[in-house]
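Undergrad: My questions will all concern the structure given below.
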Amino acid sequence: MTQAEHRPTNFIRQIIDEDLASGKHSSVATRFPPEPNGYLHIGHAKSICLNFGIARDYQGTCNLRFDDTNPVKEDVEYVESIQRDVQWLGFEWNGAVRYSSDYFDQLHAYAIELINKGLAYVEELTAEQIREYRGTLTQAGKNSPFRDRSVEENLALFEKMKDGGFKEGEACLRAKIDMASSFMVMRDPVIYRIKFAEHHQTGNKWCIYPMYDFTHCISDALEGITHSICTLEFQDNRRLYDWVLDNISIPCHPRQYEFSRLNLEYAIMSKRKLNQLVTEGVVEGWDDPRMPTVSGLRRRGYTPEAVREFCNRIGVTKQDNTVEMSALESCIREDLNERAPRAMAVLDPLRVVLENYPEDLVEELNIPNHPNIPEAGERLVPFSREIYIDRADFREEANKQYKRLVMGKEVRLRHAYIIKAERVEKDAEGNITTLYCSCDRDTLGTNPADGRKVKGVIHWVSAPHALDAEVRLYDRLFSVANPGAAEDFLSTINPQSLRIVPHAKLEPSLRDAKPEFAYQFEREGYFCADSKLSSAEKPVFNLTVALRDTWVG
């Protein structure tokens with residue numbers, strides 16, 4: 001995966017190929033239009049890779065446009081985080097960042113054009129009445145009593161809306177289409193509503209705000225977008241997208257294409273539910289390493305290359321499906337296996353004394369940073385009379401399948417000597433506090449001269465040089481594959497999604513670990529220093545992914 005990423009093929013790219021071949025378009029222009037009301041998640045990453053990837057591969061452009069038509073739910077914090085995420089994923093947008101609010105004046109003018117054409121009217125039914133009049137999937141809606149107002153009256157009332165003459169909910173502007181349409185979205189949809197809220201871009205200039213379906217298509221047209229790509233839930237909305245553009249004086253008419261959204265096992269993609277996890281303190285924030293957000297994945301140690309590869313592998317189709325979490329984990333595992341430098345860390349330390357090793361001797365062992373990349377260089381790792389091994393790597397008694405250290409038996413220390421367990425020291429409760437071993441000083445980097453075979457290999461850290469650290473072992477946030485289907489999704493939280501190891505012992509080279517840069521802790525997994533919690537005084541490392549998939553559900 002460190003090699004050049006392959007160029008994917010999918011039905012949208014086939015459409016683009018046909019459009020270019022036929023001369024329908026001479027170039028390609030796409031856009032990524034998030035609403036700044038939350039942090040981006042892995043589902044958005046799929047859309048980013050699709051839209052920006054198309055622009056890159058066809059030498060076209062991709063705009064970053066914030067769909068900022070609801071000032072109540074939006075925040076500059078989200079605007080900034082989204083820009084960081086897009087850039088982290090390896091993409092750059094065309095020109096300046098754009099906002100739907102950049103077009104509020106034009107959108108207002110197009111709304112007036114629809115009124116003048118008798119295609120929009122000011123509605124004074126309540127929201128509940130509008131829902132009642134809309135009908136159902138099997139029953140046609142009925143016309144509003146305000147539907148046949150004159151153009152002059154509608155213009156005056158819309159101006160009154162704009163000037164703050166109505167309270168929120170007292171009036172809205174609706175498109176006049178067909179209350180008997182078999183598509184609910186075409187039953188006179190609301191295209192403007194009143195909101196007395198300060199906007200993060202326009203301040204208090206407006207108290208009326210356009211709806212998404214009205215804004216989106218016009219913004220696409222104003223920007224000259226050729227292929228407007230969105231997820232399948234907007235498939236019916238394409239009819240409204242086309243209706244708006246067909247009925248206003250705008251030369252460009254983009255086309256909308258839909259693909260299936262990403263559904264990932266053991267995760268949720270609803271921004272509302274993700275926000276609930278944050279506001280109710282279930283997680284530590286939008287960038288909690290258990291969250292499926294781009295910032296959460298980054299903090300956990302995921303690489304942009306792994307995320308892009310995942311998006312390439314799952315592909316772009318029109319069929320809804322759910323992707324196994326192991327598919328995402330496989331991508332980061334493969335990527336880090338190739339690139340991550342190795343280090344040794346003992347998560348559950350057991351003190352070991354090598355009784356025949358000189359007390360005042362410290363050896364600096366040259367250990368390769370990566371077994372398959374010589375150019376990654378070497379590091380010096382201290383070795384001394386007292387070391388730590390993992391408690392799970394020693395047993396007083398064990399069967400033949402146990403290949404680690406057993407009382408009276410030998411094991412090799414990774415990159416170092418063969419040692420033999422001689423005796424233990426225990427506390428009053430019978431817990432082993434110290435393991436005493438002998439060390440074969442003739443086996444550093446070589447096999448025993450007498451030809452005896454020692455199969456087991458374990459990792460270690462020099463005790464006087466060890467870096468004390470907190471290690472956070474992350475697992476899947478939910479205990480069921482489809483938490484979104486549960487009546488109460490919070491009841492499916494995995495209580496073991498975070499386990500904190502407070503006193504891990506790490507080799508000293510990790511003292512300078514950069515946040516979010518992953519290492520392979522040999523025999524343990526891939527870990528990175530936490531970007532928020534880790535410090536020189538108290539290092540904190542996050543588990544990115546285990547060496548192999550051990551999830552049993």
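Glycine residues also receive a Cβ, built from the backbone N, Cα and C atoms like all the rest.
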Undergrad: Quick test of your reading of Swiss-Prot: among 13-17, 268-272, 273-277, 278-282, where does it put motif ''KMSKS' region'?
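TA: The range carrying the motif ''KMSKS' region' annotation in Swiss-Prot is 268-272.
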Undergrad: Ranges 34-44, 298-308, 364-374: which does Swiss-Prot label motif ''HIGH' region'?
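TA: Based on what Swiss-Prot states, motif ''HIGH' region' spans 34-44.
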Undergrad: Under a three-state reduction of DSSP output, how is Thr231 (ATP binding site) classified: helix, strand, or coil?
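TA: Reduced to three states, the DSSP call for Thr231 (ATP binding site) is strand.
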Undergrad: For the motif ''HIGH' region' (34-44), how many residues does DSSP put in helix, in strand and in coil?
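TA: Secondary-structure composition of the motif ''HIGH' region' (34-44): 3 helix, 1 strand, 7 coil.
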Undergrad: Calculate the per-residue pLDDT averaged over the motif ''HIGH' region' (34-44) and state the result as an integer.
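TA: Mean model confidence (pLDDT) across the motif ''HIGH' region' (34-44) is 96.
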Undergrad: Specify the secondary structure state of Tyr212 (L-glutamine binding site) as given by DSSP, simplified to three classes.
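TA: For Tyr212 (L-glutamine binding site) - judged by DSSP and reduced to three states - the answer is helix.
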Undergrad: Check each residue in the chain of Ser270 (ATP binding site) that is at least six apart in sequence and keep those whose C-beta is under 8 Å from its C-beta; list them in sequence order.
TA: Gly484
Undergrad: Distance check, please: Cα of Glu35 (ATP binding site) against Cα of Asp67 (L-glutamine binding site), rounded to an integer number of angstrom.
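TA: About 5 Å separate the Cα atoms of these two residues.
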Undergrad: Which residue, out of the binding-site residues Ile42, Lys46, Asp67, shows the minimum number of other Cβ atoms inside 10 Å of its Cβ in this structure?
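TA: Asp67, out of the binding-site residues Ile42, Lys46, Asp67, has the fewest neighbouring Cβ atoms within 10 Å.
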